[in-house]
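Visitor: Input: one structure, supplied below.
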Amino acid sequence: MPHPTDSDTGGTTAGTTARTTEGNTEYGRRPFKRSKSHFADRITADGRDGWPVEAGRYRLVASRACPWASRAVISRRLLGLEDALSLAIPDPLQDDRSWRFTLDPDGRDPVLGIRYLSEAYNAREKGYPGGVSVPAVVDVPSGKLVTNDFQQITLDFATEWKALHRPGAPDLYPERWREEIDVVMAGVYRDVNNGVYRAGFATGQSEYEAAFHDLFRRLDLLSERLSNQRYLVGDTLTEADIRLFTTLVRFDPVYHGHFKCNQFKLAEDPVLWAYAKDLYQTPGFGDTVDFHHIKQHYYRVHTGINPIGIVPLGPDLSGWLTPHHREELGGRPFGDGTPPGPVPPGEEVPPSGRPTALLTGS
């Protein structure tokens, strides 16, 4: 998803510096490197970067195809920020100009009034030459991008946006566990979240094998950790679980085949499979996942890896709805809080993206 030639932000990017028509063909053909976010301003309670937390002021642009953006969608839902922070979902098939709003009437985002996310980047920095990534938070009044810092956005949702959290919102980044959460997330990021891309976009055998072994070594460690505890840190959901989930939920549909991460399928590891199903069936997780968007994006956009663009019909996704029995380990998903309410109207994942829509093609 990140363009291998871009100095990208870790989210999904589109296009090269020159915005050439060959951008998507470069996936998997040039060395992959993920760099720091270019726009790292923070939206905070005190507004110290010039962007104060304010209900209705900002819009989150997040592709359901992208694991980095999906973190923000899940966090927003768990914390009940839907009324305070609106959501824009671009087409999973971005072109080389950037993420596009072709799912909306007239091909424009109804709030920002733009056709391409790159317009918000250019409003912030005229002539911006880099990759255009999601998640992105845009200032609605000015139309300017505020931040695309995928690592910080969700941490700020959990801490800086507290005044706008719903009653009963969970504490996704509790102070007493932060040191351990940070350590766990660092390993997950390096070897799993980023590891699948290092393997999938490798341009040489040794590069691929190094990423492959790091990935499955880490998955084995995570499986061992989760064999006797329901969640990664403590007995409640935290940011660490969100970050692992967004890779696991894409593992069998995409990473196992498309990125050649095939030592085993997620469904073949009893612990990780049960853990992932537990999260998927928790309100705020599975109700944000669109398997159709995920498969369409990876298999049709990464033409350097899949030049014919055929989208596999499998795997059978019905297993995501089967019992997981993880409740036997104890734990309280939302701590002293409560689950989020129903998905807001207009934000529901369509039937084509759910596990019940099986083997029907595109």
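Placement of Cβ uses the backbone N, Cα and C atoms for every residue, glycine included.
Pasting the feature list from TrEMBL:
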type: ACT_SITE; residues: Cys66; note: active site, nucleophile
type: ACT_SITE; residues: Tyr197; note: active site, proton donor/acceptor
type: BINDING; residues: Trp99; note: glutathione binding site
type: COMPBIAS; residues: 9-26; note: compositional bias 'Low complexity'
type: COMPBIAS; residues: 339-348; note: compositional bias 'Pro residues'
type: DOMAIN; residues: 174-301; note: domain 'GST C-terminal'
type: REGION; residues: 1-32; note: region 'Disordered'
type: REGION; residues: 322-362; note: region 'Disordered'
type: SITE; residues: Tyr255; note: site 'Lowers pKa of active site Cys'
type: SITE; residues: Tyr298; note: site 'Lowers pKa of active site Cys'
Visitor: Filter the recorded positions Cys66, Trp99, Tyr298 down to the ones within 10 angstroms of the residue listed as 'active site, proton donor/acceptor', Cα to Cα, kept in sequence order.
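Guide: Checking Cα-Cα distances against the residue listed as 'active site, proton donor/acceptor', none of the recorded positions falls within 10 Å.
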Visitor: Taking only the Cα atoms, work out how far the residue listed as 'glutathione binding site' lies from Tyr298 (site 'Lowers pKa of active site Cys'), in Å, as a whole number.
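Guide: The Cα atom of the residue listed as 'glutathione binding site' is 14 Å away from the Cα atom of Tyr298 (site 'Lowers pKa of active site Cys').
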Visitor: What kind of secondary structure is Trp99 (glutathione binding site) part of, going by DSSP in three states?
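Guide: In three-state terms, Trp99 (glutathione binding site) counts as coil.
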Visitor: Using all protein chains in view, find how many other C-beta atoms are within 10 Å of the C-beta of Tyr298 (site 'Lowers pKa of active site Cys').
Guide: 25
Visitor: What does the structure give for the C-alpha distance between Tyr255 (site 'Lowers pKa of active site Cys') and Tyr298 (site 'Lowers pKa of active site Cys')? Integer Å is fine.
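Guide: Between the Cα atoms of Tyr255 (site 'Lowers pKa of active site Cys') and Tyr298 (site 'Lowers pKa of active site Cys'), the distance comes to 9 Å.
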Visitor: Looking only at C-alpha atoms, tell me how far Tyr298 (site 'Lowers pKa of active site Cys') is from Cys66 (active site, nucleophile), rounded to the nearest Å.
Guide: 9
Visitor: I'd like to know which of these recorded positions, Trp99, Tyr197, Tyr255, is least surrounded, judged by other CB atoms within 10 A.
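Guide: Comparing Cβ neighbour counts within 10 Å for the recorded positions Trp99, Tyr197, Tyr255 gives Tyr197.
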Visitor: Averaged across the domain 'GST C-terminal' (174-301), what pLDDT does the model get? Just tell me the whole number, please.
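Guide: Summarising the domain 'GST C-terminal' (174-301) by its mean pLDDT gives 99.
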Visitor: Please work out the helix, strand and coil residue numbers for the domain 'GST C-terminal' (174-301) from the DSSP assignment.
Guide: 91 helix, 0 strand, 37 coil
Visitor: Within 10 Å of the Cβ of Cys66 (active site, nucleophile), how many other Cβ atoms can be counted across all chains shown?
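Guide: Looking across every protein chain shown, the total is 30.
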Visitor: Could you give me the DSSP helix, strand and coil counts for the compositional bias 'Pro residues' (339-348)?
Guide: 0 helix, 0 strand, 10 coil
